[in-house]
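Among the features that TrEMBL reports, active site, proton donor is placed at Tyr129. What TrEMBL lists as active site, proton acceptor is Lys200. The feature (S)-malate binding site is assigned by TrEMBL to Arg182, Asn437, Asn481. TrEMBL lists Glu272, Asp273, Asp296 with the feature divalent metal cation binding site. Look at TrEMBL and you will find 1-12 tagged as compositional bias 'Polar residues'. Summarising the annotation, TrEMBL assigns domain 'Malic enzyme N-terminal' to 106-287. For 297-550, the entry in TrEMBL reads domain 'Malic enzyme NAD-binding'. Under the heading region 'Disordered', TrEMBL lists 1-28.
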Amino acid sequence: MAGSTERINNGVVTGGVEDAYGEDRATEDQPVTPWAVCIASGHSLLRDPRHNKGLSFTEKERDAHYLRGLLPPVVLSQDLQEKRLLQNVRQFEVPLQRYMALMDLQERNERLFYKLLIDNVEELLPVVYTPTVGEACQKYGSIFRRPQGLYISLKEKGRILEVLRNWPEKSIQVIVVTDGERILGLGDLGCQGMGIPVGKLALYTALGGVRPSACLPITIDVGTNNEDLLKDEFYIGLKQRRATGQEYSELLDEFMTAVRQNYGQKVLVQFEDFANHNAFTLLEKYRENHLVFNDDIQGTAAVVLAGLIASLKSVGGTLADHTFLFFGAGEAGTGIAELVALEISRQAKVSVEEARKKIWLVDSKGLIVTSRNDTLQPFKKRYAHEHEPVKDLLGAVKAIRPTALIGSAGVGRSFTKEVIEAMSSINERPIILALSNPTSQSECTAEQAYTWSQGRAIFGSGSPFDPVKYNDKLFVPAQANNAYIFPGFGLGVVISGAVRVTDDMVLAAAEGLADQVTPEHIDKGLIYPPFSIIRKISASIAARVAAKAYDLGLASQLPRPKDLVKYAESCMYTPVYRSYR
């Protein structure tokens with residue numbers, strides 16, 4: 001909890017209140033003396049993205065910080081700067097150009113970047129995150145300008161702690177790390193996967209209010225099996241095939257140990273876009289002794305579970321009354337399935353094994369049934385039920401007669417007209433979730449779902465789709481975006497000082513998101529609230545997650561705040577310019 005502090009900053013003593021991040025709030029949001037920022041050179045102040053205000057430096061600030069003459073004479077407000085930047089970004093017709101313009105802004109003026117993103121989140125989220133970030137990763141070597149985040153490769157084996165100490169910020173609360181093997185639905189992009197941790201942490205700040213300086217994006221480069229990248233003269237990573245087995249395991253062990261040694265046990269490590277064979281293994285290996293979270297498994301599961309719970313406000317019944325068919329049995333599909341089973345077991349007061357009987361999975365070989373047990377991976381076996389083999393998705397829909405069809409296989413247009421018509425013949429309001437990213441990999445479009453179901457589908461997707469008009473009614477497709485969950489989840493972990501992540505905390509996040517869906521949203525076809533209120537949503541989720549951490553005895557930030565929502569809101573980073581004395 002907060003406490004009194006007295007800090008020494010570059011020779012100047014400042015007093016203030018220490019927040020949940022362990023940072024003096026006076027140095028974050030209150031006027032700052034010249035000496036606490038930069039007394040040596042106004043030129044260096046303009047080059048520091050954290051303190052640069054561009055044309056918003058006042059006349060007094062320009063004199064106090066030796067900026068006179070280094071800027072044109074006009075003084076612009078931050079709002080006017082934001083308006084100009086938004087106009088500039090909109091002039092680019094190619095999404096990747098918009099992405100590059102925003103990344104340049106982030107490297108030039110941090111607070112203006114976050115204000116622009118927060119105030120225009122619905123418009124800019126697809127640019128800094130999916131789907132545009134996927135293209136950015138594919139072309140990362142070609143568009144590379146200056147490094148963002150920390151690169152740890154096999155060259156640094158035995159020296160990872162030393163590498164972590166090279167990062168200039170010492171008070172890190174959230175790390176997003178990838179090895180680039182399964183970037184979105186695009187496959188092995190190796191070192192170029194850095195765009196994902198950078199983008200995720202931008203959303204941690206913009207949507208969840210975690211301080212930018214407390215965030216650390218990391219790419220672990222163990223090589224790549226992508227032949228095109230290995231031949232690409234502009235590829236920025238190790239030009240060798242991926243390390244596996246003991247060599248890979250030892251590098252990850254050293255990394256996790258070094259993180260804990262350098263930053264303590266309360267730094268959240270979020271695994272991102274690891275291939276299935278490593279994602280489950282790493283989560284299970286480290287979750288008991290480290291503060292870890294896998295967004296592809298747990299974050300995706302939470303946001304989809306929230307959508308399913310919200311859908312019940314329209315279709316009725318409880319989760320236990322419905323049957324779920326998953327197309328895709330990888331880390332996303334099985335992660336969602338397991339969280340749904342856990343929620344069913346809690347609500348219906350049955351065992352998780354019993355709850356799993358309401359859930360069926362289809363993989364590339366067809367319906368997962370017990371007769372396939374000898375060839376199934378361990379995480380699939382728990383969903384192998386007694387049934388005759390079924391080879392294709394349409395056959396599975398007709399045989400199982402599910403209430404909800406959930407796609408996470410990364411196979412574009414696999415929800416055919418026949419599949420959706422079959423779902424619509426079984427259900428008055430079929431739940432159709434086409435979750436695969438990017439847009440080209442989506443199982444169906446919003447227009448297809450609404451048209452083929454005659455406007456009866458409750459639709460959600462992983463990528464954004466424009467509103468659809470069908471029979472004079474406007475449907476607003478819901479995007480099952482992990483950005484609803486992980487920023488608020490991370491904030492909840494930080495403000496509570498949690499030392500472990502549990503399934504109960506993930507369930508709390510899902511329930512918190514579902515609670516934000518109103519009858520008005522449901523009437524529009526929405527199973528998620530609008531992103532325009534995402535910081536309010538994140539504060540509510542953070543409070544739910546923190547409350548669960550306190551209830552489970554996993555919180556170290558004591559005493560427990562009386563109003564966790566207000567406390568979460570008070571801890572959120574705001575990108576308004578500070579005044580420099």
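Cβ atoms here come from the backbone N, Cα and C positions, even for glycine.
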- What residues, ordered by sequence, lie under 8 A Cβ-to-Cβ from Asp273 (divalent metal cation binding site) and sit at least six positions away in the same chain? Thr178, Asp179, Gly180, Glu181, Arg182, Ile183, Leu184, Gly193, Ile196, Asp296
- Message: Can you tell me how many other Cβ atoms are located within 10 Å of the Cβ belonging to Asn437 ((S)-malate binding site)?
- Response: 24
- Quick one: average pLDDT across the domain 'Malic enzyme NAD-binding' (297-550), no decimals. 94
- Roughly how many Å separate the Cα of Asn481 ((S)-malate binding site) from that of Glu272 (divalent metal cation binding site), to the nearest whole number? 15
- From recorded positions Lys200, Glu272, Asn437, the one whose Cα lies nearest the residue listed as 'active site, proton donor': Lys200
- Identify, among the binding-site residues Glu272, Asp296, the residue whose Cβ has the fewest other Cβ atoms within 10 Å in this structure. Asp296
- Message: Please report the distance from the Cα of the residue listed as 'active site, proton acceptor' to the Cα of Glu272 (divalent metal cation binding site), rounded to the nearest angstrom.
- Response: 9
- If you measure every Cα to Cα pair among Arg182, Asn437, Asn481, the residues listed for (S)-malate, what is the largest value in Å? 18
- Message: I'd like to know which of the recorded positions Arg182, Lys200 has the most other Cβ atoms within 10 Å of its Cβ.
- Response: Lys200
- Item | Environment of Glu272, Asp273, Asp296, the listed divalent metal cation site - residues of the same chain whose CB lies within 8 A of the CB centroid | Thr178, Arg182, Ile183, Ile196, Phe271, Phe274, Ala279, Asn294, Asp295
- Note on the structure: Around the Cβ of Tyr129 (active site, proton donor), other Cβ atoms found within 10 Å total 24
- Task: Using a 10 Å cut-off, grab the number of neighbouring Cβ atoms around the Cβ of Asn481 ((S)-malate binding site), all chains included.
- Result: 26
- Query: Cα of Glu272 (divalent metal cation binding site) to Cα of Asn437 ((S)-malate binding site): how many Å, rounded?
  - Reply: 14
